[in-house]
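*Asks:* Next up is a structure, given as C-alpha cells.
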Amino acid sequence: MMGPKANAAAAGDLPEYAEVDPTGRYGRYNDVLGKGASKTVYRAFDEYQGMEVAWNQVKLHDFLQSPEDLERLYCEIHLLKTLKHRNIMKFYTSWVDVSRRNINFITEMFTSGTLRQYRQKHMRVNIWAVKHWCRQILSGLLYLHSHDPPIIHRDLKCDNIFVNGNQGEVKIGDLGLAAILRKSHAVHCVGTPEFMAPEVYEEEYNELVDIYSFGMCVLEMVTFEYPYSECTHPVQIYKKVISGTKPEALYKVKDPMVRQFVEKCLATASRRLSARELLKDPFLQVDDLVFCPGDGDYSLMNYLRQPYLEHAYSNVSMMSNGLSESIDEDTPTEDRWDCEDDDIKADGIDLFNGHEDEPLGNVDITIKGRKSEDGSIFLRLRIADNDGHVRNIYFPFDIEADTALSVATEMVAELDITDHEVTRIAEMIDGEVSALVPDWRPGPGIEESQDTTYCHNCGSNVSSCGSLYAYMSSAARGCQCAELHGRFEEITFQANGEQTDLQDSGGSSDDGGGQTQHVKDQEAVHSNGFVQMGRRGPRDQFCFSSFQEQSCSPRHYEYDTSLQAKGFDMKHEVKMAKYKARKMAHLRRAIHPSLDFDNLNGERRMKSSLNKLQSFHIGKNHNFRIPTCERSPGARDAEEDPDIFNLAYHSRHPDPGAQRARHCEVDAQSSPDLMFTARSYYTGAQLPTNLPRTKSVTLNAVDA
C-alpha cells in the first residue's frame, strides 16, 4: 500500500497541465497534435470520464472588433456543443479566454488523424469506400444545414474531416469557425482559398458554400492533389475561382461518373444541389445494388457475380478452354450472388486500376471520340502500361442501337481486357459520347441491365459477345444484331522503342536464297486446336490445326520470295486494312475481316479449306495472311462441322489469359509510319484514291 509520500512522489513525476479549463475538468498538455494558421490542437485529458480529448485553441486576433462581437461569437460557439450526430465530431464544451483572446473548445480525439492523412496512408481505396465517405460527409452536412437557422461550416476540407480508422467512420470536425446563419446570408469571408466558393469572395453566400467545399474534398480524395495546386499564390486562385475556372485536378479524373458528381458540387450557386439532393444522386445510390454480406453497412459489390456478366464470361471461357465438345453444348452455371473475400479482391471495381503489388496507375485507359458529318460516332480506346505496350482499339458506336455497357461487355469478351474493367470502360464511353452528343442519355447500368431486351439468337446466355456458331446456324438466319459483332479493330505496338524500317524489313530475303525458313526459339501455344508459333526473329509464323492437337513442322512455313521482287510495301497493307475498317464502320454493320465468309447473307456457306478465313495482324515488322488449314478428311460439310465453327470463333474470340500469345508477342519495336497510320485512321485523314492491291506473304503448308 502506497503511503502519502509515495503518492506525492508519483504525482511529482506526472507531467503538469499547461492549462486548465474554468471548470477544472479538462487539463491541457503541451503535446501538440496539430497546428494550423490560426488554430493549435493539444492533447488533453478529461478527468471526469478518464479519457483523452483534443483541446482546440483558436487565436482571434482581428476577428473581434468590439465587446458585442465577442458576446455574439461566444453564444454561437456555445450552441455548437448541442450538436449530436454520428458524422459530426463530438463537441464537449467551449469558452472564450478574454485575456489571451483565444477561443478554446474540447472535442473528441481521433488516433487515425484527418481524412487527408488517412487517404495518403492508404493509397489503395476502392470506389465504394469513397462513396461511403461521401455519404457520411453529406449526412453530417445535411444535419448542420437542417437547423433553423442553418449552420454552415465555412471551412470544410479534408484536413477538417477526421477518421475513426477501425470502423471506417468519418466525422466533420473543426467547427470552431462555423457560424450560425442568423440572417439570410453571411457577410464574412472566412475559409481556405482553395475550398472557397466564388460567392464567398463576394461575402454574399449561404449554406451551399459547404457543398462547393465538399466537391473539392471529393476531388482531393480521388486525385491526391490539393485543389488549384498549380497556382503559386492566393491571388491566382482568386482569379481562377471568380472566373469559374475549375482546378486542373478535375480534368485528371478519368471516371466520368466521379467527374460528373464533382462538377455538380462545383456548379454555380443557383444550380448547385443541396446536401439532401446529393444524397439522392445516382452516383451515391447503393441501396438497389447487390452487396456481399459483411459487417458494415456498405460492402464491396462484386459485379462479375451478377448473372448478366457471369454467363458472358463463363461461356467465353467454356469455348476457349476446350471444356465442351460443341459450342452449343449447355453448361449449367449457377447465378451466384454470394461473394468471397478473394473474389472481392480480384473482381472488385478498383478506383485506381491495378493489383495490390503493382504501382499505382500501372495501366492507363483513355478514350477519345470523333463525330463525322453524317452523325456517326467513332471512338478510340487506348490502353497503355508502364512497359510501353499500347493497345489502340477503334470501333463505331451507334447511338440508336448501342449502349455503353453492351459495347464494353462485348469488347471485354472479344479482346481479352480485364473483366473488372467493364463498368469503367462503359462509364468512359458514356462520358465521351455525352460530350459528342449533348442530348445523349447514358444507357442502363449493370444494375438495370437485367431487364433490358437482349438477342438470344446471337448472344449465348445473354452474352453480348455473341456466338458465331449460333449466328451461322439456321436458328439465327433472321438475326440482325449479330452483324454488329466484330466491330473492333485493334492495333498493338510498343510506344517507346527502337525504330525500324518497314519497307526494308518487308523486302529482306530469307537465309539460304529463299529456302525454307527454319523456326528458332519457337514458343507454341495450344488452345483448342489453335497453334501459334512465335519466334524471336524477323518474322512471325502461324498455322491452324484441327481440334486434335497436331505438330507443326518448320517446313510448314515457307515464304514466297516472289513478292519481294514486286516491291512489297507494308504501308499499303496497313492503309488498305484501315480503309476497309473505316468503310465497314461507316455502314454501321461491320463484320470483322477475320470472319469474311462467302455469301454470308444468302446461303451462309463456307468454301472448302476455309479459303476466305483471314486475319489481319500487325506483327513485328510484317503483315500477312494466316495460312489456310488442311481440311480434315472426316469433315465433308463445313456447315455441319462444329469444329470448323469453333476454329472460326477462336480466331475472333480469344481465350481470356492468353491474349499475348494469341496476338503474337511483339519484341521488335513499331515503326513511326505504323503509328502515323493508326493516328491517320482515327483523325479521318484522306487515303490515296488509287490504292494498290493488298499484298501478303504466302505461307504454303507442306506435308511433312
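For all residues, glycine too, the Cβ spot is worked out from N, Cα and C.
According to Swiss-Prot, the feature domain 'Protein kinase' maps to 27-284. Annotation source Swiss-Prot lists ATP binding site at THR107, GLU108, MET109, PHE110, LYS157. Among the features that Swiss-Prot reports, active site, proton acceptor is placed at ASP174. If you look up Swiss-Prot, you'll see 499-521 marked as region 'Disordered'.
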*Asks:* Distance check, please: Cα of LYS157 (ATP binding site) against Cα of ASP174 (active site, proton acceptor), rounded to an integer number of angstrom.
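*Replies:* Spelling it out, the Cα of LYS157 (ATP binding site) and the Cα of ASP174 (active site, proton acceptor) are 10 Å apart.
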*Asks:* Restricting to the same chain and to sequence separations of six or more, state which residues have a Cβ under 8 Å from that of GLU108 (ATP binding site).
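*Replies:* When sequence neighbours closer than 6 are ignored, GLU108 (ATP binding site) has VAL53, ALA54, MET89, LYS90, TYR92 within Cβ distance under 8 Å.
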*Asks:* Need the DSSP three-state call for the residue listed as 'active site, proton acceptor' to compare against my parser.
*Replies:* coil
*Asks:* Sorry to bug you, but what's the C-alpha spacing from the residue listed as 'active site, proton acceptor' to THR107 (ATP binding site), rounded to the closest Å?
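*Replies:* Rounded to a whole number, the Cα-Cα distance is 9 Å.
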*Asks:* Give me the CA-CA distance between MET109 (ATP binding site) and ASP174 (active site, proton acceptor), in Å, as a whole number.
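*Replies:* Cα-Cα distance, MET109 (ATP binding site) to ASP174 (active site, proton acceptor): 12 Å.
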*Asks:* Calculate the distance in Å between the alpha carbons (Cα) of PHE110 (ATP binding site) and ASP174 (active site, proton acceptor), and round it to a whole number.
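*Replies:* Computed Cα spacing between PHE110 (ATP binding site) and ASP174 (active site, proton acceptor) is 12 Å.
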*Asks:* With ATP as the bound species and THR107, GLU108, MET109, PHE110, LYS157 as its recorded binding residues, calculate the greatest Cα-Cα distance and give it in Å as a whole number.
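*Replies:* For the residues that bind ATP, the greatest Cα distance is 18 Å.
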*Asks:* Tell me whether THR107 (ATP binding site) sits in a helix, a strand or coil according to DSSP.
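*Replies:* For THR107 (ATP binding site) - judged by DSSP and reduced to three states - the answer is strand.
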